[in-house]
Amino acid sequence: MRPGSSRLFKSLSFCCSFLITLPLSAQPILEGDRSVPAEARKGMVVTSHYLATDEALKVLEQGGNAIDAAVTAAFALAVTQPRSGNIGGGGFMLVSSGKKDDVVAIDYREKAPAAASRDMFLDSEGNADSDLSRYSHRAAGVPGTVAGLALALERYGTLSLADALAPAIRLAEEGFVIPPRFSDGIRSSAERLKQFESSRKVFFKPDGSFYEPGELFVQKELAATLRRIAEQGVKGFYEGETADLIVAEMQRGGGLITHDDLKNYEPSVRKPVHGSYRGYDVYSMSPPSSGGTHVVQILNILEGYPIADSGPNSARSIHLMAEAMKRAYADRSQYLGDTDFVEVPLSGLTSKDYAASLREGIDPDRATPSESIRPADPVPYESNETTHFSIVDQYGNAVSNTYTINFSYGSHIVVDGAGFLLNNEMDDFSAKPGVPNAYGLIGGEANRIEPGKRMLSSMSPTIVKKDGRNFLVTGSPGGSRIITTTLQVLMNVIDHNLNIQAAVNAPRIHHQWLPDELRIEQGISPDTIALLEGMGHKVVQKPAMGAIQSIMVAEDGTLYGGADPRRSTSSAKGL
Ligand code: GLY
């Protein structure tokens, strides 16, 4: 690790609802820029768990960069927040060095096993069997997290994999004190977790009772699995003992993942989707996520309206946002899939001209019924639990990472003897065109199941730049609501000039075309709701949406962290 002297500086620790302001150099500090005096080097970490934030912050304090801190945080979350932090799932990481146009996307999304087939989740009558696609061994895609994090570290980091894993191994081996959110989560998923003996052994005491807040949670088998990765690199997961345990688990439960599937898994480095919004450059995740494409598409539509004049969460703003969202989600159902397998009209979907044509169909005073919206015609092919963290380091690098095992606790199946949960990401494929997945999202042929293909995602890790320097680092969990949650934080900052914590806290809305309902969180005023209903919207109040973890870098280099209070363990801390 790079030697660092920032331990000289007192680490500032705040919980989720505090704004953090730390002066940085007025100029962006680029990768490896040692001319910046040590005193000026600062960094910030925002994750959904304070223990992961602490471990990542220590890496920055010791001179590591944002990628070192990100990989450390991801492994720590796999231990401290097993409902979504993972080594049994996959995700996406955006890395930006702070130089113009210098953003890369690491795609470590799970892949369908080689034995997967298009109709594997249909019953004898041809109906989609959601229990099979969500809570069975067949629900698991080939995990990508370990390979993706190792690749990120190898290309862009300075730490060894063993060093990045060390805090996670310690937390698993020695245990950590259970916060209320941890035990609440297990209570609410107890019935399903107890269906699998391997999961019961990990998440419940030997007599079947619950672990309670304040007690220590120790995961010896997970520690041993992590240690094998530390000692053998990615082979410690995709081959040898861990691979044997995964394959044995598959064979016990009729799953499809084989030794070859594991050995053949490779992450991809991709070009992120790039768009612009009112003079800001927006970089977000490209397919196999739909996230970046539709964040940019919705922003393009909304750029044609004076949103700032309507104000945050006014009926006028919400109406226009909902109309833009509906049209984007209709296109999602038709066009989006893994670009290694299908052509996606990316430039068309993200073009300003296409946005202008969609805008023409929007009535400024009336909701368009979803049934009369169809996927439109972009320029043709030229080619509920997840977790996000954002990190900015003292060298000006930024990382925006979202990873997941799909549902809370994924398939609910722990790999016996290896101590980690398997994802149920296969449900993100379209089991049958036109039949909604767990998030109510309709998929089409482009997202049908094929061996080795990556299932469509909504994850939208995003980095916004202003004049070439990192400005906003953000992203969220929330299934189909990830796209709209991310969008609203961008708009709250860019259009409405809210500070980052206010932008994160503000009540959210969501429309995904089908079902035809405008979802709102609590906090939207009754008179706004009445105005929206008067325009023809069916407004329904839903539980909190997303848990966005964000950092804003002000023009003078000041770092502002906004952790989402919708997760009680969220934490933003800076050097
Ligand atoms: N599993 C949710 C997503 O990837 O969008």
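Yeah, the Cβs are placed from backbone N, Cα and C, and that goes for glycine too.
According to TrEMBL, the active site, nucleophile annotation covers Thr386. Taking the Cβ of Thr386 (active site, nucleophile) as reference, residues of its chain lying under 8 Å away and at least six apart in sequence are, in sequence order, Ser84, Gly91, Thr402, Tyr403, Thr404, Asn406, Met459, Ser476, Pro477, Gly478, Gly479, Ile482.
For Arg109, Thr404, Ile405, Asn406, Asp428, Ser457, Ser458, Gly479, the entry in TrEMBL reads L-glutamate binding site. Gly479 (L-glutamate binding site) falls within a helical segment according to DSSP.
Annotation comment: TrEMBL describes 360-382 as region 'Disordered'. Helix, strand and coil content of the region 'Disordered' (360-382), in residues and according to DSSP, is 4 helix, 0 strand, 19 coil.
What TrEMBL records for 1-26 is signal peptide.
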Could you tell me the maximum Cα-Cα distance in Å between the residues recorded as binding L-glutamate, namely Arg109, Thr404, Ile405, Asn406, Asp428, Ser457, Ser458, Gly479, rounded to a whole number?
14
Taking the centroid of the Cβ atoms of Arg109, Thr404, Ile405, Asn406, Asp428, Ser457, Ser458, Gly479 as the L-glutamate site, which other residues of that chain lie with their Cβ within 8 Å of it, listed in sequence order?
Gly89, Gly90, Thr386, Asn423, Glu425, Met455, Met459
Sequence-distant neighbours of Arg109 (L-glutamate binding site) in its chain (C-beta under 8 A, six or more apart):
Gly90, Gly91, Phe92, Gly141, Gly144, Pro288, Ser289, Glu425, Arg454, Met455, Ser457
Name, in the order they occur in the sequence, the residues of the same chain whose CB lies under 8 A from the CB of Ile405 (L-glutamate binding site) and which sit 6 or more residues away.
Ser84, Asn86, Gly88, Gly89, Glu385, Ser411, Leu421, Leu422, Asn423, Asn424, Glu425
In sequence order, those binding-site residues of Arg109, Thr404, Ile405 whose CB lies under 6 Å from ligand 1
Thr404
